[in-house]
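Record features, source TrEMBL:
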- Gly125, Lys126, Gly127, Gly128, Val129, Gly130, Lys131, Ser132: ATP binding site (BINDING)
- 16-86: domain 'MIP18 family-like' (DOMAIN)
Amino acid sequence: MAESPRSDVGSPAAARLLAALGGVQDPELRRPITELGMVGSVSVDDDGAARVAILLTISGCPLRGTIVDDVTAAATAVEGVASVAVDVGVMTPEQRSELKAGLKKRTAPFTEPGSLTRIVAVASGKGGVGKSSLTVNLACAMAADGLRVGIIDADVHGFSVPGLMGITQAPTRVDELILPPVAHGVKVISIGMFVDGNQPVVWRGPMLHRALEQFLTDVHFGDLDVLLLDLPPGTGDIAISVSQLLPGSGLLVVTTPQSAAAEVAERAGAVAKQTGQEVLGVVENMSWMDLPDGGRMEPFGSGGGELLAARLSKTLGVDVGLLGRIPLDPRLREGGDSGRPVVLAAPESAVSLEIRRIARTLSRRPRGLAGRSLGVTPA
Ligand SMILES: Nc1ncnc2c1ncn2[C@@H]1O[C@H](COP(=O)(O)OP(=O)(O)OP(=O)(O)O)[C@@H](O)[C@H]1O
Ligand SMILES: [Mg+2]
């Protein structure tokens, strides 16, 4: 069994080495490896030869190479260290249990009333209006602003988020705990990570509910500032499950400028009346296209976003704002195809500037109290 690192810190160089390892984070858990119990022992001999024993959470950890590289780089920079040898081992079941217990204690689940995580479910009436594209771009924009962001791809049948984020890595499992892959600073979980190739997911309501529940309980997102959910189109089982499992979630309704589309989208937004969810706002996508000659074209008409915001305000009896209008830009699609969302690939394009503006509006918005316990008892 590995010794506790502290028992082995005999020399000032070893103490410096241990301190430097505190700067190395586990890429998935996003915490210093020293806090996670992943440093088995450290030593530095008189000739400056350093040895670091690292304990991975599981054997065959996909990020083994990254961890070893980061440890080597951190150790090499330490004064008094001339060479570095990293021994890689695996945690014992007891050590793993300790780690899991520690992780659970640290994070407040989103489902708890006191949770400070803003939960944004991206919804639409019709398919293909750009929900998934908006979800990943909002997430990347928020992460680039320094927020801790997660995405749940709740479109179980039509999952697309892993591709849009360029994720091919499967989640790491630490027993029943699932560690979501991280891309562009965003933690992502999708049913697509659990199926082989392009196999269809043929599930009915209860299975879908259970899958979503599992994403919320078994996936370790850690503390998040924002959790985005990419919903399937329409007002189906998943939208209902999200409202039940995450009553504090708000809906962001996406439409195209077409008035017929806005009408269909109204149904998706009006679900909030029954579920008690808050509608955070409306986003109009594919609003216009800038032409090379400087002109503008509106292939899907105009006014759908405003129409939808006005109708939802009326139906729900609260002010629902149009948070933004996103132009058509082939770079948005290309960003999705390449797994590098347009807000990162072309941050100064009009489409990215608008999405970044919407991201800031959402993350600065005071959290609503709908569906939340105020935590006070009347005297
Ligand atoms: N503003 C835009 N400019 C250019 N292409 C866009 C824009 N918004 C979306 N697209 C493209 O439109 C297609 C549909 O977008 P996306 O998959 O994000 O929609 P969706 O609402 O999630 O669809 P579904 O309902 O099938 O889940 C994609 O090919 C995407 O690249
Ligand atoms: Mg989608």
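In case you wondered, yes, glycine gets a Cβ from its N, Cα and C as well.
What TrEMBL says about a protein is an automatic prediction, not a curated fact.
Around Gly128 (ATP binding site), the same-chain residues six or more apart in sequence whose CB sits under 8 Å from its CB are Pro233, listed in sequence order. Taken through DSSP, the domain 'MIP18 family-like' (16-86) splits into 19 helix, 20 strand, 32 coil. With a CB cut-off of under 6 A applied against ligand 1, the binding-site residues Gly125, Gly127, Val129 are reduced to Gly127, Val129. Within 10 Å of the C-beta of Lys126 (ATP binding site) we count 19 further C-beta atoms, all protein chains included. Taken in sequence order, the binding-site residues Val129, Gly130, Lys131, Ser132 that lie near ligand 2, meaning a CB under 6 Å from one of its atoms, are Lys131, Ser132. Comparing the binding-site residues Gly125, Gly127, Gly130 on other C-beta atoms within 10 angstroms of each C-beta gives the minimum for Gly127. Reduced to three states, the DSSP call for Lys131 (ATP binding site) is helix. Within the model, the domain 'MIP18 family-like' (16-86) shows a mean pLDDT value of 91, rounded to a whole number. Non-local neighbourhood of Lys131 (ATP binding site): Val122, Ala123, Ser124, Asp155, Asp230, Leu231, Pro233, Val254, each in the same chain, at least six residues away, with C-beta under 8 Å from its C-beta. Taking the centre of the Cβ atoms of Gly125, Lys126, Gly127, Gly128, Val129, Gly130, Lys131, Ser132 as the ATP site, the nearby residues of that chain (Cβ within 8 Å, site residues left out) are Ser124, Pro233, Val254.
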